[in-house]
Amino acid sequence: MEIILFLTMMVMITYVFSGYLYRVALVQSSRVDLIFTRFENMCFKIIGTDLEHMSAKTYVKHFLAFNGFMGFITFVLLIVQQWLFLNPNHNLNQSIDLAFNTAISFLTNSNLQHYNGESDVTYLTQMIVMTYLMFTSSASGYAVCIAMLRRLTGLTNIIGNFYQDIVRFIVRVLLPLSCLISILLMTQGVPQTLHANLMIRTLSGHIQHIAFGPIASLESIKHLGTNGGGFLAGNSATPFENPNIWSNFIEMGSMMLLPMSMLFLFGRMLSRHGKRVHRHALILFVAMFFIFIAILTLTMWSEYRGNPILANLGIYGPNMEGKEVRFGAGLSALFTVITTAFTTGSVNNMHDSLTPIGGLGPMVLMMLNVVFGGEGVGLMNLLIFVLLTVFICSLMVGKTPEYLNMPIGAREMKCIVLVFLIHPILILVFSALAFMIPGASESITNPSFHGISQVMYEMTSAAANNGSGFEGLKDDTTFWNISTGIIMLLSRYIPIILQLMIASSLVNKKSYHQDKYTIAIDKPYFGVSLIVFIVLLSGLTFIPVLLLGPIGEFLTLK
């Protein structure tokens, strides 16, 4: 019942919050202008931008240059961190390959962590590098999505200014909400301090070091920005990051807030005036929510069912291996599905200890990479499947392929197919390399089917810019650092470039007025068709490897 109430509340909150996002996205005046405008203008002066509207090509150039500059600075700071200030625990520099992986991971909103948060980064890099990139990577994804929506919806004839979009989103959305969430988490016991690690003497007489630091400030944007990188190695399973059931709900709600609001925002932009949500967006929301609930149900069923091997020995009950007692199997499964559906990557339980079908659910969500997804890019990925569905359905019934009165031609379809293929190609090719390259497979700690699942999960998490992992994998090696770094880089930027190209190509075409020869995208049957094509196309791509991984493991448990 608590899960149903939580999900219902989040749907209502995101629907209302999308109205505020609408005013932020379209640079409309609001009551908060007196608070934020001066700070925004100061940021624009520091950046040196004159807020001129950019072409799509210029927008992408500035997006890539901004991200490239941040990535370079991050890499440099990580390899010299031991000589900088705010290092009371005397942590050492990261190796070149690990710094490469870490910089790309946080730059691309993935937060795949091959390092130990307690010992491999300093307070300075946690705050200046990790926390800063959590803001900018999230805002970058939002900015390119808004640029795409402006063109697709025809609400304006401009794509916008990259720096204006990113600054407004950080100042008016991320910063206020992060401060609020940080305060809420601190009231639940999450630390926020620059004090060095505590050194205590245990009852047995041994000395123990307890790691903590400025956790609350990182924890808030970690979930709000769908980042996922933890201050501590145990992530949100540790009491310092996620002390109780209330902090657990705060963190889950933070993950869901912006991606769900973006879908409603799309509907408000389609309705032109923003006071209501267009039926097309509601159909998309219901379709994605249906997939989300289906996988949540499957995951919870598997985790409550427990391990059949133990059941045969007379030991019944849910699968509690790798889980925190304060959350139990139900809230652990919910957190797992949310963190993979919304591509956050934070964890409150050990995913490597999930049952085979329990691990299949989050893996499938990352393979689909469209069920709400991350900040901005999740909606962009969904729209690719929408365009693909419109095109196929139109040809199947002999109608004209068009979307929002824009005809879909050969050029757009080539880009759409490329975006669709990049994701599975990166996952499958690099997974195969992990088994072929000498030394790479030595990181696998489980034999047979589960070992394949470990590799597939790691590569899928990197390709989906998620960041969670089956942490039984020994991934801090040169191969895993470089390979997952390349995957995160390619899977983030190539689709974004192609998606903006698709939007620009569509709007440059002559408007096509909808008639009886076009597919109605605001009807329930379109939502059903979308679900079928998402499952069918992704299923044909990944079913063979899933049979070798979690499904094969499930069939062997008796």
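Glycine is no exception: its Cβ is also placed from the backbone N, Cα and C atoms.
Since the structure is predicted, the reported quantities are computational estimates derived from the model, not experimental observations.
Over in Swiss-Prot, the protein carries these features:
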- 1-21: transmembrane segment (TRANSMEM)
- 66-86: transmembrane segment (TRANSMEM)
- 127-147: transmembrane segment (TRANSMEM)
- 166-186: transmembrane segment (TRANSMEM)
- 245-265: transmembrane segment (TRANSMEM)
- 281-301: transmembrane segment (TRANSMEM)
- 327-347: transmembrane segment (TRANSMEM)
- 354-374: transmembrane segment (TRANSMEM)
- 377-397: transmembrane segment (TRANSMEM)
- 416-436: transmembrane segment (TRANSMEM)
- 482-502: transmembrane segment (TRANSMEM)
- 531-551: transmembrane segment (TRANSMEM)
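At the 8 Å Cβ threshold, with sequence separation of at least 6, the transmembrane segment (482-502) lacks contact with the transmembrane segment (166-186), having fewer than 3 such pairs. Counting C-beta pairs under 8 angstroms (sequence separation of 6 or more), the transmembrane segment (245-265) fails to reach the transmembrane segment (531-551), with fewer than 3 such pairs. Highest Cβ pair count under 8 Å relative to the transmembrane segment (1-21), across stretches 66-86, 166-186, 327-347, 531-551: 327-347. Within the same chain, residues 11, 260, 263-264, 266-268, 270, 329-330, 333-334, 336-337, 341, 354, 357-358, 360-362, 364-365, 368, 370-372, 382, 386, 521-524, 526-528, 530-531, 534-535 sit at least 6 positions outside the transmembrane segment (281-301) and bring their C-beta atoms closer than 8 Å to a C-beta of that stretch. Taking residue pairs at least 6 apart in sequence, the transmembrane segment (354-374) and the transmembrane segment (327-347) share three or more C-beta contacts under 8 angstroms.
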